[in-house]
């Protein structure tokens, strides 16, 4: 087949391929052969990196609510601000410490640039904290060395070293606080690897990195510049060239400029990283920081404990939306409104069958569904494990088929329609959505079903020729049944008698004597719930004249439900003939 694409005409000559800017060569890379088997150390940066990207930065009350959410979820390292950059951030750090909001096993993290007055102010903010991470950074990229700082490699290294030495100096003022150091060569992805390692190793020496006194070396994709595999290669290269490796915690801080922040974090973790920084639902500058929700739940669905509690995803989302004053998109992985919703007919049918198979397999294994291995088509995770219901799993629009319609009827009303009845009713829904457009809600679906198959007694006279009243039967020794039925025919109350080998056959006899050409082709029934007092649902497929169609009946009596189903089919045929 010929490719008909044509050149875009866009100014591609203005952009340089990444490989022409930075060399990343790891021909003996090992990360592609690895799999994730345990969670990394997490650091949530919503209160600093996320907050600085908001149109309306968080108020102190919203900041505290976000901090409390992160603690509740299980994050043990939380970046809480840039206390030397604003009085607001300084005051919030003091509020957390003085207000006793920091659990003993949680380390707050604060950011600072490599300038003395900023570092001094940073340490002032930490007085009284049990433990803290001081995060020092300066930009090292080729571009920023040239256009921002006008410095060569040695000049940028001197800035970093001066900052590290000042941190050590002011650490002496915090005798009751355990300090862990973190250093970021900001814009790492735009920095030559050899130079990045030179700077990081020099900083690790100043901070006296060792197995007993580990230093966090954070390698941010401050701007995502290449494909995730390139980022992973750069992390593996650094993993091999940072010293002493046992004294280094390699941390990742991916952004999402190319839309692959999650993939970059996962591959970078495979490549030797120990820790990942990010934000809930991917908030952050430009296209955002890596999404901690997606990362954590990607591990969960592979059977790896993320060490973070996502079991009430809607509450997490509501809190994040309140604090950030930004909506979480409907398609945001795991947390969006539509991520567990299927509109497609084939998807709905597969999901319906998947639920049925899951129940069957769990019962065969002697386990509850909630404790059985989750395998349902199109649903990589059980919504219930995130605190969601199944209500939104299947929704009906013009793209939906019988599977989705049948699922909603069974899940919400315990009606298990035979397959051909599913096909028939999905056609009714299809005609409705084609004519009106939009989505059909669960309540609307049920109303359409009732109008089509289960009119109330008051409505029967309006569209149905026949109404079923009281019925009595007698069976002789040969098994033949005589039925006396009170019917409403064209609005007139009448009493009719019929004979047959059962209730349906006897009612058919009555209808035949009234001139109705009807034959029963198929019949099924089931209880609507467990217990002796449960109502029954009956489904009767009939040939009425030239039409083949279904009737449905619901009644506490199984016999009456089957008779109602037969009347339903006949009435539908009469209504269609009159339409």
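Positions of Cβ are set from backbone N, Cα and C atoms, glycine also.
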According to Swiss-Prot, which candidate in 3, 289, 298 joins 49, 253, 255 at the Mg(2+) site: 289
Collapsed DSSP category at residue 289 (Mg(2+) binding site): strand
Output field, Mg(2+) shell: CB within 8 Å of site CB centroid, site 49, 253, 255, 289 dropped: 45, 220, 221, 222, 254, 277, 278, 279, 284, 285, 288, 290
Among 49, 253, 255, 289, which are binding-site residues, the residue with the most C-beta atoms within 10 angstroms of its C-beta: 289
Local confidence of the prediction over the domain 'Pyruvate carboxyltransferase' (40-314), expressed as mean pLDDT: 98
Structural state census, the region 'Regulatory domain' (456-579) (DSSP three-state): 39 helix, 56 strand, 29 coil
